[in-house]
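Swiss-Prot annotations:
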TRANSMEM  9-29  transmembrane segment
TRANSMEM  44-64  transmembrane segment
TRANSMEM  65-85  transmembrane segment
TRANSMEM  97-117  transmembrane segment
TRANSMEM  143-163  transmembrane segment
TRANSMEM  234-254  transmembrane segment
TRANSMEM  263-283  transmembrane segment
TRANSMEM  295-315  transmembrane segment
Amino acid sequence: MIFSTLEHILTHISFSIVSILVTIHLITFLVDEIRKLYDSFEKGMILAFFCITGLLVIRWIYSGHFPLSNLYESLMFLSWSLSLIHRVPYFKKNQKFLSTIIGPSAIFTQAFATSGLLTEIHESTILVPALQSEWLIMHVSMMILGYAALLCGSLLSVALLVIAVRKNKKSFFTSNPLFKLNGSFFFGEIEYMDERINVLQNTPNTSFFSTFFSTKNYYRSQFIQQLDYWSYRVISLGFLFLTIGILSGAVWANEAWGSYWSWDPKETWAFITWIVFAIFLHIRTNVKWKGTNSAIVASIGFLIIWICYFGVNLLGIGLHSYGSFTLTSN
């Protein structure tokens, strides 16, 4: 009873924090000049991370098994993983802007998990016999950590593509207020440099303008390089987790069902995900394919991950059909 009450309190606290963080992000989306809100956002992310950690630990204690038995628990663990990974670039010098790209993923994942849509599966239940294994922690945690890292890395690649398209087709994006608004959301510093250059274009001192124009291109190129750098490294980490998760899952499947691989929808899409990011890592070794070319592959992988993790589960077929259904024993 005490554990259930504590979990209930932490769930509401984390949901309240997430609601506030969404509001802060919307404000910074519309008014990029309010810099102090970014610090509030990061502090809120830390507090939400500890709330989720406490929630998962409490749920683990009173349920008697690692909290990864249904969609609600896996979403909370995914949100925890995204929050953890989002802190990595934040501690690096001058890399705080990367955390503002990754952060919203953790926010909206947790918001969906704690919303009323999944209320009926918030209660923890007894696992079916096949899942009462030590492999549950190894397999599922590695898979979700892999999904989280791959999602973060892919999101950075999507951001890289947006910047590259803005660079190549500036006239289209600057004339479209919707894209200009999106630019101020993730890339406020670059948008600020664009405005400075537009002002300088009206000055007679062309050499002064040329200096600032080259400065703008320099910062844009540096930003693209940082996105490419972090995207590659985070995806490499996620690929390692995904590989360990697939291999451990194959061993567990052989113990539980007598077969290493059954080609059910979940396994098939996990294999497709692995292939896509293996291609990304392979072409990334070629200097000519770095940057936008490899980012296209990672962006495709971003969609495939969500199909593999979320979409396939909701089909309700195969050995992994635990999407919106609780794994209870008869």
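Residue numbers in this text run from 1 along the chain shown.
Every residue gets a Cβ built from N, Cα and C, even glycine.
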For the transmembrane segment (143-163), sequence-distant contacts whose Cβ falls under 8 Å of one of its Cβ atoms, 6 or more beyond its ends: 68, 74, 77-78, 81-82, 84-86, 98, 101-102, 105, 182-183, 186-187, 190, 220, 223-224, 227-228, 230-246, 249, 270, 273, 277, 291-292, 294-296, 298-299, 301-302, 305-306, 308-309
Chain residues outside the transmembrane segment (263-283) and at least six past its termini with a C-beta under 8 angstroms from it: 143, 150, 235-236, 238-239, 242-243, 246, 249, 289, 293-294, 297-298, 300-301, 304-305, 307-308, 312-313, 315, 317-320
Beyond the flanks of the transmembrane segment (234-254) by 6 or more, those residues with Cβ under 8 Å of it: 85, 88, 133, 135-136, 138-143, 145-154, 156-157, 260-262, 267, 270-271, 273-274, 277-278, 280-281, 298, 301, 319
